[in-house]
Amino acid sequence: MNKIKGMIFVSIGAASYGILATIIKLANHNNFGTAGLTFLQYLFGVLVLSIATFVINTKSKKTISATNTANQTAISTAKYPRLKLIFFGTSLGLTSSFYYLSIQYVPVSVGIILLMQTVWMGILLEFFIDRKLVSKAKIIGSIMVLLGTLLASKVFESDFNLNFMGFLYGFSAAIFYTASMYASNKISLELPSLTRSKYLVYGGFLAILIFWNFQIIEEVNSVEILKWGMVLGLFGTVLPPILFSKGVPVIGNGLTSIIAALEIPISVLSAFLILNEQIGFLQGVGIIIILATILFINVKKKK
């Protein structure tokens, strides 16, 4: 696969994540609950990814190479790689749950900005886990993200109205999103990308069962909600991991981080076009600052 194709795959994956909040809000407006929708999203993901990995593994068994043998040796010597992924995958389910809850209280354009606090949270996590000094570029980047957040959240506008629950859920989503990003980049790397995605989604599904419990039974009560769940599953738990597993190895993590930032404008634009959410001038400036910061941090990282 060439680099252009890899970039297209990652772009579509990021765009898929970007429209999730708008789909959830539309479903909520049609009186479908968040618990049932989130459950069906991950159930669909579990089923499709399980089938996909089964088919791929069946085919690969027919063409075993020395490289595959080496990979199997690495997997066998690692301690519980699949259980680790399931454990860290719980953060995926909690990210979705808290993010979807946050946009019930704040606009999608604010919800996605709160979620993107993972930029500076990830830098902080890297400092505590890897015990590395944080570069000047990352410190400046963290400050710029916070400034962009204040602008994008309309803090400096006359009609600013702080919704405590919306911000609390949004920041909680960012914390768990940071954990899921860490798992995606650091945990059980000896396993194939799609297999890792499958077990992460398993963990997310488990977290959703525990988090929403009996509310799921109350809300999954019609055929219509199944359609919404399948759409969410397609764009939230199926397309992104499959596309990223194809594109990321070709273009690398640095370029992936930059392209993945497309999630922000796609999320804001879809909310504007479909939900008629208005974007103020300062909000737009804040979003641009955050996008520019993500670009700045990753370009500096590559150098």
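Each residue, glycine too, has its Cβ placed from N, Cα and C.
These come from TrEMBL:
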- 5-153: domain 'EamA' (DOMAIN)
- 165-298: domain 'EamA' (DOMAIN)
- 7-27: transmembrane segment (TRANSMEM)
- 39-56: transmembrane segment (TRANSMEM)
- 85-102: transmembrane segment (TRANSMEM)
- 108-127: transmembrane segment (TRANSMEM)
- 139-156: transmembrane segment (TRANSMEM)
- 162-179: transmembrane segment (TRANSMEM)
- 199-217: transmembrane segment (TRANSMEM)
- 223-243: transmembrane segment (TRANSMEM)
- 255-275: transmembrane segment (TRANSMEM)
- 281-299: transmembrane segment (TRANSMEM)
The domain 'EamA' (165-298) - residue tally per DSSP class, helix then strand then coil: 115 helix, 0 strand, 19 coil
Most Cβ pairs under 8 Å with the transmembrane segment (162-179), selected from 39-56, 85-102, 199-217: 85-102
The transmembrane segment (139-156) vs the transmembrane segment (199-217): 3 or more CB pairs under 8 Å: no
Of 7-27, 85-102, 108-127, 223-243, 255-275, whichever stretch has the most CB pairs under 8 A to the transmembrane segment (199-217): 85-102
Contact call for the transmembrane segment (255-275) and the transmembrane segment (85-102): at least 3 Cβ pairs under 8 Å, seq gap 6+: no
Residues in the domain 'EamA' (5-153) grouped by DSSP into helix, strand and remaining coil: 124 helix, 0 strand, 25 coil
Long-range neighbours of the transmembrane segment (223-243), counting only residues six or more past its ends (CB under 8 A): 9-10, 12-14, 16-17, 19-20, 23-24, 27, 30, 32, 36-46, 48-49, 52, 96, 193-194, 197-198, 200-201, 204
Within the predicted model, mean pLDDT of the domain 'EamA' (165-298): 86
